[in-house]
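Single-structure report; data block below.
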């Protein structure tokens, strides 16, 4: 035994020294079936060990213990085994192994499980055809057609094949692949005209592998730049050139830049016929003449007017001395109508809805009346003597000759002279002064009004003599009236009784009652028996001027009657009071006739106190 073992080891050592060894492990490459009826398997042999090596393929079917050897080693080439229809079963799984054997030993590959249904790899499609066609709109395309592999039964439905094509320009490197599905034709659009294209195709069953690419087929795309396209491009070029020429011509003609033509500035507002160059040069006269204007329109200084009125001129004949007859004062006065077409506004005073804008022109202020000192004493020491007035004291300005007033239109016979007292502050000052001074002021204003009225009448001297004879009796030469008449125009005459403001109700109505004076002393007024509200407050101006409007004609008449009853019965004042009462009655009549007015002109009040 030991000698035999030693001999074997000696042989092995000799073999190793010569470079011989057992074969290497072979590897099965793939198994493919072209039509599910036959299939072929290929392997890669290992090292042979320096000795001749024999390769064999054995297989067994799933569920069987019998091992089979490859039926055909020659049909499919070296290192392959072909299974014909006789040895192929599509519903069986094959377990395939490759064995390598030489003198030094043997080796086997890893087993491969094969299902003929999933190892199908068909042959490439055949009859590949390329055609260039043209649509109705003269657009060209490439039409590719092919046929299925020959050994594949596609018509009976035994196989369902899918196809792919690829193409590229002849000089390109990358292929453009298109999947066509189950179709055996395909249209390729948008190919470059004048280029030569190479096309190939392949197929694959439902459960298998892609076949090899077919042989290359080539086609050259025609140059489809037709005459129609050339004409279109020529027209486009001509139009572009014309547009460019028009733009250049417009820029050169107008002298504007290209940017101004493309992006014109936003135009500003303009007045038709308005020359901005004249305005910039400051030539206003030329600008106005271009606009058709002679000069700048006159500016108005009536912005501070409280109310806009219709301007009405007073008739000068309405300020005449009223008649001393027993008839109602003012009945004998017949005003003279002015021209209705004059600028005074009498032409439209019958319209109660028409108002004109008033813009008063500056009026000359009436002369301020001053009361001189009376140094002579009357013969009757008990008579009322007007007190000495301080020349530095402020006396009211009586605006007795104002020719205009702004109010609603009235009838010619209803125009009234304006009262000289309009300022509440001045009235309060007069009320606080002695009674004789206040009486002198009032008498003086009333006589001035009478004198102006007398001067307007024709035959002024005759009328003055008649009125003097009626006013002053000849048997009373020792009264103060002749003395005051000779001294100055400021004659002391006891005026009619005046009224005081008793209260102002919520509606702005003043309650007035007569003020009693006896023995040159002002008595405190008592509560009147019946207070008659006859005036309303129409408004208060900026100078604290209270604007009064007569409420009714009957109330004023009643107040005049009460004042006449309470007047003292002295003979010296009878004639003067008759004259003044006649004037007051005339004024009252004028005021009563204005009962329809709703307001007075505040601007007229303001002028009398300047």
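Each residue, glycine too, has its Cβ placed from N, Cα and C.
Pulled from Swiss-Prot, these are the features on record:
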type: SIGNAL; residues: 1-19; note: signal peptide
type: DOMAIN; residues: 22-122; note: domain 'Fibronectin type-III 1'
type: DISULFID; residues: 31-41; note: disulfide bond
type: CARBOHYD; residues: 54; note: N-linked glycosylation site
type: DISULFID; residues: 70-81; note: disulfide bond
type: CARBOHYD; residues: 99; note: N-linked glycosylation site
type: CARBOHYD; residues: 127; note: N-linked glycosylation site
type: MOTIF; residues: 210-214; note: motif 'WSXWS motif'
type: TRANSMEM; residues: 230-253; note: transmembrane segment
type: TOPO_DOM; residues: 254-610; note: topological domain 'Cytoplasmic'
type: MOTIF; residues: 262-270; note: motif 'Box 1 motif'
type: COMPBIAS; residues: 318-327; note: compositional bias 'Basic and acidic residues'
type: COMPBIAS; residues: 345-354; note: compositional bias 'Low complexity'
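Look at the disulfide-bonded residues 41, 70, 81 and count other Cβ atoms within 10 Å of each Cβ; 70 has the fewest. Outside the motif 'WSXWS motif' (210-214) by six or more residues, the chain places 121-126, 128, 146, 149, 164, 166, 200-204 with a CB less than 8 A from a CB of the stretch.
Residue counts of the motif 'WSXWS motif' (210-214) by helix, strand and coil are 0 helix, 0 strand, 5 coil (DSSP-based). The DSSP breakdown of the domain 'Fibronectin type-III 1' (22-122) into helical (H, G, I), extended (E, B) and coil residues amounts to 6 helix, 46 strand, 49 coil. Among the recorded positions 31, 41, 127, not one has its Cα within 10 Å of the Cα of residue 99 (N-linked glycosylation site).
Mean pLDDT for the motif 'Box 1 motif' (262-270) in the predicted structure: 71. Every protein chain shown contributes to the tally, and the Cβ of residue 99 (N-linked glycosylation site) ends up with 16 other Cβ atoms within 10 Å.
Cα separation, residue 70 (disulfide bond) to residue 41 (disulfide bond), rounded: 10 Å. Cα-Cα distance from residue 54 (N-linked glycosylation site) to residue 31 (disulfide bond): 21 Å (rounded to the nearest whole number).
Between the C-alpha atoms of residue 81 (disulfide bond) and residue 31 (disulfide bond), the distance comes to 9 Å. Within 10 Å of the C-beta of residue 54 (N-linked glycosylation site) there are 11 other C-beta atoms, taking all protein chains into account. The separation of residue 127 (N-linked glycosylation site) from residue 31 (disulfide bond), Cα to Cα, is 27 Å. Within 10 Å of the C-beta of residue 31 (disulfide bond) we count 22 further C-beta atoms, all protein chains included. For residue 41 (disulfide bond) paired with residue 127 (N-linked glycosylation site), the C-alpha to C-alpha distance reads 28 Å. For the recorded site, residue 127 (N-linked glycosylation site), the DSSP three-state label reads strand. If you take the C-beta of residue 127 (N-linked glycosylation site) and look for same-chain residues 6 or more apart in sequence within under 8 angstroms, you find 145, 146, 147.
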